[in-house]
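Notes follow once the structure below has been shown.
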Amino acid sequence: MTLLALGINHKTAPVALRERVTFSPETLDKALESLLAQPMVQGGVVLSTCNRTELYLSVEEQDNLQEALIRWLCNYHGLNEEDLRKSLYWHQDNDAVSHLMRVASGLDSLVLGEPQILGQVKKAFADSSRGHLNVSELERMFQKSFSVAKRVRTETDIGASAVSVAFAACTLARQIFESLSSVTVLLVGAGETIELVARHLREHHVRKMVIANRTRERAQALAEEVGAEVIALSDIDERLKEADIIISSTASPLPIIGKGMVERALKARRNQPMLLVDIAVPRDVEPEVGKLANAYLYSVDDLQNIIQHNLAQRKAAAVQAESIVEQETSEFMAWLRAQSASETIREYRSQSEQVREELTAKALAALEQGGDAQEIMQDLARKLTNRLIHAPTKSLQQAARDGDDERLHILRNSLGLE
């Protein structure tokens, strides 16, 4: 039995290829059934995200194994083999285990240390567990990767610092305001970055969120998800005074929030401070706003400085995380080797018990026929000894004839003679 990890990711393949190799949730079961129908595949898990598609497999070793699996993947997706080979990576046993642990821990992610990948790996495992896993070693490998990812999060600072604009904006807000549960946040825009910001804020139980967007329909879906109110951009002037935090990210060519607008809001707030985070390019907030007392304006460049500092911290933490992965990989491979030995031990024990049962049955039959008990017991002990040491004796003799001192030493050691 061999453990494999093969696939493509954001480092090896462009998005044009990655989107062609993806497995949708609707087709995953059929894909796994097709994969397990391959004679060499014993069990499998498919991990498919926007940044990677990977197969984790337990397989029987055979000639042309790599070619057979690449051919299956290409046939399933209608790909040219040469196009895929250029971007495909292939990890086996120790390297496959290490790769999965690194993936689950966020060490192989586009954003170093991002936590979302662990949830994606867990979902891939759960989806594949519906009748497609089949192999205890593969299951144990995934369970181990989950515990390693948790250990990396607990023992290192890899996830402690913001390394995305959205996360950095929320981190900044949490640093300035002691608790977000008492603040009102105005989000301007409804694009991807604002979506991420809104979800981060929801996780930190912000008191109230208001989303201002040019098109109400786009903002409405996000508002329903995070429990926010939707207003038009034209309403910002009137509603700005309610906001403790303003985070803006639109595609507007001109500023949406001007100095005069903020001055009026501050006056209505009796100069209670406002945090304005402008992550738009071009800028949504006039730079002059930053000169106002009690208006704290941060631009996307300010956030990038925070991100770069935090990324350096994550890279330092990643060194410690890699050591954890290396240690845990070694422990898992030791367990895997022990599992292989366990099967041999079971076979050897079963064989010995068959010999014992056979000779004991003969001895009991002899006793029933009135034979001398002492002679029968001595005969049983002699025959049992001879049968049990027959195979090791032959191996010792053969090693001696071959002049194989190393093998002779191993045999003597295994028999407890050294």
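Positions of Cβ are set from backbone N, Cα and C atoms, glycine also.
Feature annotations, reproduced from Swiss-Prot:
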- CYS50: active site, nucleophile (ACT_SITE)
- THR49, CYS50, ASN51, ARG52, SER109, GLU114, PRO115, GLN116, GLN120: substrate binding site (BINDING)
- GLY189, ALA190, GLY191, GLU192, THR193, ILE194: NADP(+) binding site (BINDING)
- HIS99: site 'Important for activity' (SITE)
*Largest pairwise Cα distance, Å, within the listed substrate binders THR49, CYS50, ASN51, ARG52, SER109, GLU114, PRO115, GLN116, GLN120?*
15
_Restricting to the chain of HIS99 (site 'Important for activity') and a gap of 6 or more, list residues whose Cβ falls under 8 Å of its Cβ, or answer none._
ALA5, HIS91, ASP108
*To the nearest whole angstrom, what is the C-alpha distance linking GLN120 (substrate binding site) and ALA190 (NADP(+) binding site)?*
25
*Looking only at C-alpha atoms, tell me how far ASN51 (substrate binding site) is from GLY189 (NADP(+) binding site), rounded to the nearest Å.*
26
*Cα proximity to ALA190 (NADP(+) binding site), best match among recorded positions THR49, CYS50, SER109, PRO115*: CYS50
_Around the substrate site formed by THR49, CYS50, ASN51, ARG52, SER109, GLU114, PRO115, GLN116, GLN120, which additional residues qualify by having Cβ within 8 Å of the site's Cβ center?_
GLY106, LEU110, ILE117
*In angstrom units, rounded to an integer, how far apart are the Cα atoms of GLY189 (NADP(+) binding site) and SER109 (substrate binding site)?*
27
*Sparsest Cβ surroundings (other CB atoms within 10 Å) among the binding-site residues SER109, GLN120, THR193*: GLN120
_I want the residues beyond GLY189, ALA190, GLY191, GLU192, THR193, ILE194 whose C-beta is within 8 angstroms of the mean position of the NADP(+) site's C-beta atoms, in chain order._
LEU187, GLU195, LEU196, VAL197, SER249, THR250
_With DSSP assignments reduced to helix, strand and coil, which class does THR49 (substrate binding site) get?_
coil
*Look up GLY191 (NADP(+) binding site) in the DSSP assignment and reduce it to helix, strand or coil.*
coil
